[in-house]
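Participant: For reference, the structure I am asking about is given below.
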Amino acid sequence: MKSQSPSKTCYPMRTRVMIPLRRARSSWVAAEVMGKGRSFNLNGDMDMEDRGSDAEDDAARPAWNSKLQYILAQVGFSVGLGNVWRFPYLCQKNGGGAYLVPYLILLIVIGIPLFFLELSVGQRIRRGSIGVWNYISPRLGGIGFASCVVCFFVALYYNVIIGWSLFYFSQSFQQPLPWHECPLVKNKTTMFVVAECEKSSATTYYWYREALNISDSISESGGLNWRMTICLLAAWSMVCLAMIKGIQSSGKVMYFSSLFPYVVLICFLVRALLLKGSMDGIRHMFTPKLEIMLEAKVWREAATQVFFALGLGFGGVIAFSSYNKRDNNCHFDAVLVSFINFFTSVLATLVVFAVLGFKANIMNTKCVALNTKKIIALLGNEVSHDLIPHHINFSATVSAEDYQQMTEIIRGVTEKDYPHLGLDSCSIEEELNKAVQGTGLAFIAFTEAMTHFPASPFWSVMFFLMLVNLGLGSMFGTIEGIITPLVDTFKVRKEFLTVGVCLLAFFIGLLFVQRSGNYWVAMFDDYSATLPLLIVVILENVAVAWVYGTDKFFEDLKDMLGFTPFRFYYYMWKYVTPLLLILLLGSSVIQLGMTPPSYSAWIEDLASEKSLSYPPWGLAVCISLVVMAIMPVPVVFFLRYFNIIDENAGVVSTISYKKGRIIKESARPEEDDDASLIHAKSPGSEAPSPMPGNSIYRKQNGGVPDAAPNGRYGIGYLMADMPDMPESDL
């Protein structure tokens, strides 16, 4: 649109101009035209808010219906399956209650600062991960593409786990549960228990043989498991339908998917506490082993868990916050979501070990009964009747305490011959020390415990429905980390892109529903995310703290939030957090180097797991996963560095601003006044503003945005309503 004289053309436009009250602050001028503003300094540099995209896109950009919906989305993304089956295992393995100390320290030093950083840049620039890092530094634009690749890799196998949960959910509407006992096989004359099940357990057999029908190695694909294929299709259909309208559709689902797991966890905790042995599990869990805290391995695993628990580097946090209002207090959000995540992990740990304590008590009772029969058979031969205390009555049930007393006496008398008697110790502590995590906890140990619950089908339905919802909450954030950057960058229809991504992921995901699919899930879990995400987050930290500048970033935060964040974050972002992340990356690389790539295979004939090395092609896939995930970073850097792609051209969504040319026309010499800046023209006067000045949570009817919040422009500026005037005069 060409500029015209206001005397000739009447513009139906209401313009507000904000003029600094004091000349000392005259280096900044902010102009807002119909809610679309841009700010710049006299040197021609932009602050971070002006590195956004077209205001037309911003005006049409979806927004959260409420703050609650946004918080639930962030909580749903950060609280996932790892909180239920990874954190309790690490807590037990690394000193019980003492593990909470390094975890909390690292949450404050690494987790919250990095989470706050991602929330801030997403909210400020209002773009997905590709756009955010391209605006901060075009040469580091590959960070966003790397995040998208990692998100896609994780989504491929994460939805398979949701499919497994859907399968168990569908099988839970039976009494008794199908994994309650080993199946019987009938021949012509007799019935006998399946050998594979007899050597292991009913729940282990059901998981490996009935559910997965697993092969003996990753080299034996074994064809598709049709039941798991249907479940995977159902899982991707759920994700696609929930995400097809972006946050308008997924935001509504969040109310259920984010809150329902808490209802189930609390119900499980109350029910478990009423069961015999639950307090044994909780006592075992929180008994601190302080000496373990001094081991470097504990701190490394705590840092890794903090890193992944908050979903750092995936781009989902940035994508969700990009739909937020600009003056939202993202610092409060970062602290709130981080501690909700932590307390959810503690709650899940209480539930898991209360249930495992109940299971350990049952297993210990069975062990005592079985070994008591062995002692009775040994009486008069290897074991004398005189060694049995007089108060023990074999005709009644022998308690665990009486059994311990008997075995101690027998061990003291027989000494070297005791191991040949074949008596087990039958200790609850030993049962609880059998640490399990991941699928072993959810689909074997927990399912076995639930078979002993009264009304076990109900609790099984609730548990696996909880796992489905936990998984979906994380999947929404993961898919948003793919869709939002691509939509912002390539201007495609979100509906078409969502369906396309889900279809592509489903067909690639068929790799994980072969009979060998469980081994592929383990491979992707180990190698597709850990190292690439660490590198991505290190680069994110460096991009903001050292490339963009911590001081400038603090000014942006003050402008956005209305207050200056604690100085604590300045030193964390600039020095402490990058150093700790580099140490974590180094230790992870050393650990991978010292541990040859291997996987746990289920051997049908042995009815047990066995560690196998990956074949040569498997090693090539492991390396390829890491390389493909991180490759966009150096590729984009070199393309920009050697000007193969112009840094100022960018991608479709980038708006280029050359330094010193933001104000195209210099101020008129005769106007030695602050107001003279108002008449300067920018090369983009015809183009919309890159940032939505003051959008609040938008109403679905597209109502007029509210006035500028105090957090951004309301302090120290005079708000002046100007008469209708052409846009070119600003």
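Cβ coordinates come from backbone N, Cα and C, glycine included.
Note that TrEMBL annotation is computational and uncurated.
Dumping what TrEMBL says about this protein:
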type	residues	note
TRANSMEM	70-88	transmembrane segment
BINDING	G76, V79, N83, N341, L470, S474	Na(+) binding site
TRANSMEM	100-121	transmembrane segment
TRANSMEM	142-169	transmembrane segment
TRANSMEM	224-244	transmembrane segment
TRANSMEM	253-274	transmembrane segment
TRANSMEM	302-323	transmembrane segment
TRANSMEM	335-356	transmembrane segment
TRANSMEM	458-484	transmembrane segment
TRANSMEM	496-515	transmembrane segment
TRANSMEM	527-548	transmembrane segment
TRANSMEM	568-594	transmembrane segment
TRANSMEM	614-639	transmembrane segment
REGION	668-708	region 'Disordered'
Participant: Using the centroid of the Cβ atoms of G76, V79, N83, N341, L470, S474 as reference, list every other same-chain residue with Cβ within 8 Å of it (recorded Na(+) site), in sequence order.
Facilitator: V75, F77, S78, G80, L81, G82, S258, P261, T344, G473
Participant: Far apart in sequence but close in space: which same-chain residues, 6 or more away, have a Cβ under 8 Å from V79 (Na(+) binding site)?
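Facilitator: For V79 (Na(+) binding site), the qualifying residues are S258, P261, I340, N341, T344, L470, G473, S474.
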Participant: Other than its own, how many Cβ atoms are within 10 Å of the Cβ belonging to N83 (Na(+) binding site)?
Facilitator: 24
Participant: Residues sitting near the transmembrane segment (100-121): Cβ under 8 Å, six or more positions beyond its termini, same chain?
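Facilitator: Residues packing against the transmembrane segment (100-121) from afar: 48, 91, 132, 136, 293, 298-299, 302-303, 305-307, 309-310, 312, 317-318, 321, 330-331, 333-335, 337-338, 342, 346, 537, 540-541, 544, 553, 556-557, 560, 565, 569, 572-573, 576-577, 580-581.
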Participant: Please give the sequence-distant neighbours of the transmembrane segment (568-594): residues at least 6 beyond its ends with Cβ less than 8 Å from one of its Cβ atoms.
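Facilitator: Residues packing against the transmembrane segment (568-594) from afar: 106, 109-110, 113-114, 116-117, 296, 300, 303-304, 307, 530-531, 534-535, 537-538, 541-542, 544-546, 550, 553-554.
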Participant: I'd like the number of other C-beta atoms within 10 A of the C-beta of G76 (Na(+) binding site), please.
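Facilitator: Around G76 (Na(+) binding site), other Cβ atoms within 10 Å: 28.
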Participant: Please identify which of N341, S474 has the densest Cβ environment, defined as other Cβ atoms within 10 Å, among these binding-site residues.
Facilitator: S474
Participant: Would the transmembrane segment (496-515) and the transmembrane segment (253-274) count as touching if the test is at least 3 Cβ pairs under 8 Å, pairs 6 or more apart?
Facilitator: no
Participant: Taking 10 A as the limit, how many CB atoms besides its own sit near the CB of L470 (Na(+) binding site)?
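Facilitator: The Cβ of L470 (Na(+) binding site) has 29 Cβ neighbours within 10 Å.
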Participant: Hey, does the transmembrane segment (253-274) touch the transmembrane segment (335-356), meaning at least 3 C-beta pairs closer than 8 angstroms, sequence gap 6 or more?
Facilitator: yes
